[in-house]
Amino acid sequence: MTLPEIPALLDSLEARLELCLDRLAVDRDRLAVVGIHTGGVWVAEQLHMRLGLPTPLGTLDIGFWRDDFDHQGLPEGIRASDLPFAVEGRDILLVDDVIMSGRTIRAALNELFDYGRPRRVLLASLLSLPGRELPIQPDACGAELSLAPGQRVKLQGPDPLTLSLVERR
Amino acid sequence: MIDPASRPGTPAQVQLGDDGRLRHFIDIEGLPKALLTEILDTADSFRGVQEAQVKKVPLLRGKTVANLFFENSTRTRATFELAAKRLSADVLNLDIKTSSTAKGETLLDTLQNLEAMQADAFVVRHSDSGAAHFIASQVTPRVAIINAGDGRHAHPTQAMLDMLTIRRHKGDFSRLRVAIVGDILHSRVARSQILALNTLGAAEVRVVAPRTLLPVDVEALGCRVFTRLSEGLAGADVVIALRLQKERMDGALLPSESEFYRHYGLTRDSLAWAHPEAIVMHPGPINRGVEIESAVADGPRSVILDQVTNGIAVRMAVLSMAVSGQTREREQRRQETQ
C-alpha cells in the first residue's frame, strides 16, 4: 500500500483546520498549539508555523499519564512537558501524528487539565486510523487511512518528515 | 518453599531484574551509569510536573507505599511521603519504634503483615547496615524496597538527589571536582555520593576531614583524601558539607565543635579557596556554626533548598521505576503461566 506524501497531508490538515477554526470562530491570538511527543510535536511545529500563531508552541509527554502502567511499567525516555502559557481559560489545539485507539489523547487531556481549565480543546491529527477504543474524534485530520490487520504507520522526523509502514507481530 | 523472586546476592544483583531494570533501590554500588542516568532523566521530567497546578501524576494510582522508619527522620520521610502522594499512591506511615515491635512482634512478622495488606513498595530506614538488602533479598522480594538510609552503609536517594542538583547546576560530570567535607566516618551519605560521582564519571572526588572522622580505607571507594581544608577545597566546583553526627559519636573523636569549625567549617573565608562559581550543598539538617556558617548556608552559592525540591523528584523517579520493574516481572510471570 502507498502512503500519502507528507506535504499533501499537511496541506490537507491545514485547510481542514482553517475551516474548523472559522466555523467555531476561534480567536487565533488566544489559541495555543500543543504537540504530543514525539511525532505530534513535529506536526505541531509545522501547523504552528503555517497558522502564524503568536502564542509559543507547547509540548506534552504523556508518559506519566498512560493507562497501561500495570502491564507495561514506566515507558523509557519520558521528557518534561512544556506549556509556556497559562492553560486556564485558553483555547488549546492538541496535535498528534496518528490517532487510533484514542488512549493517547485521553492521557493528554488528563495531563492538560492538571495545568488549568482550558476554555476549549480541539484535536488535530495528521492521520486517523480505525480502531477507536474511546469516544474521541479529531476535529481535523490530514487523511483517514485503513490498514491491513497488524499494520501500523510510523512518522519519522523531524527533518524530513516521512511516513513508513510497520508490521506488528 | 523459597520464593523464586528472592535472590540472595550482592545488593546490585538483588536490585536489578533479569532485564536489567530496577526492582529495588538499595545501594549505588554495582549499578551501571546508564541506570543512574535514567534515574536522573526521569527525575528531571518529574521536576516538570512540579510546575503544573496539580503536582500529581496518576502512575501509582491504587498502589500502596509503606514508609517504614525504624530510625528518626523528618526531611527524608516527608519527601518520600510527598513523592508517593504525587505519584497518586496511598501512603502508610509506620513509626516502627513506637508500634508493633515495641509490643514484641518481630520485624519479619511486621513485614509479612504489610505484604499481606498488598503494599507495593516499602521505604525503609534502619539503623542497621544491610537492613534494606536483607528485606529485599530474604523477606519480601516481590515488594519494591527503597533504602531510605541503613546504618553507616548507604543513603542512595540522598546521593541521587545530590547528583540531580549537581547536574542541573553544573551539567556534565566529567569536568567536575567535588569536595565532600566533614564527618565522613559516620556518613552513609558520603559513601553513596562517592560511589555515584565515580559511576557518573566525575573528574575528581575529594573527601576533606580530620583523620579521626575518616573511615579506614576510604580511598578504596575512589576518592582523594585531604586533611587540610585549604587543599581540599582548592578549585572545587562543588562543595558538599556534611552534618557532624554528634549522636553517633561514642568516643572522643574531636576536641570540640568549635575546634572542628575553626579547621573544617565552611565559611565565607574558607569558601574563597574553591572555584569562584562553586555551588554549596548540605544534606541537612544543618548544624549552623558547626560545619557551615549561616552566611554560606543562606548565601547566593547555596543550593541547599534546591536539594530538597530535587529530593521529591528523585524519590518519585526511584519509586515509580522500582514499582515498574516489579510490575513487569509480575506481568511476565502471568504470561508464562498462561
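The backbone N, Cα and C atoms fix where each Cβ goes, glycine too.
TrEMBL labels come from automatic prediction, so no person has curated them.
The annotation domain 'Aspartate/ornithine carbamoyltransferase carbamoyl-P binding' is assigned in TrEMBL to B:23-167. Break the domain 'Aspartate/ornithine carbamoyltransferase carbamoyl-P binding' (B:23-167) down by DSSP state and the numbers are 67 helix, 27 strand, 51 coil.
The Cβ of B:Pro285 (carbamoyl phosphate binding site) has 10 other Cβ atoms within 10 Å, all protein chains considered. When secondary structure is read from DSSP and collapsed to three states, B:Pro285 (carbamoyl phosphate binding site) falls in the coil class. Summarising the annotation, TrEMBL assigns carbamoyl phosphate binding site to B:Arg75, B:Thr76, B:Arg125, B:His155, B:Gln158, B:Gly284, B:Pro285.
Under the three-state DSSP scheme, B:Arg188 (L-aspartate binding site) falls in the helix class. Annotation for B:Arg188 (L-aspartate binding site): spatial neighbours B:Ser129, B:Gly149, B:Asp150, B:Gly151, B:Arg152, B:His153, B:Ala154, B:His155, criterion Cβ-Cβ under 8 Å with sequence separation of six or more. According to TrEMBL, the feature L-aspartate binding site maps to B:Lys103, B:Arg188, B:Arg243.
The annotation domain 'Aspartate/ornithine carbamoyltransferase Asp/Orn-binding' is assigned in TrEMBL to B:176-321.
Following the DSSP three-state reduction, the secondary structure of B:Arg243 (L-aspartate binding site) is coil.
Listed in chain order, the residues near the carbamoyl phosphate site other than B:Arg75, B:Thr76, B:Arg125, B:His155, B:Gln158, B:Gly284, B:Pro285 are B:Ser73, B:Thr74, B:Ala148, B:Gly149, B:Val189, B:Pro283, each with its Cβ within 8 Å of the site Cβ centroid.
Between the C-alpha atoms of B:Arg243 (L-aspartate binding site) and B:Gly284 (carbamoyl phosphate binding site), the distance comes to 7 Å. Each of the binding-site residues B:Thr76, B:Gln158 was scored by the number of other CB atoms within 10 Å of its CB, and the largest score is that of B:Gln158. Residues B:Arg75, B:Thr76, B:Arg125, B:His155, B:Gln158, B:Gly284, B:Pro285, recorded as binding carbamoyl phosphate, reach a greatest CA to CA spacing of 16 Å.
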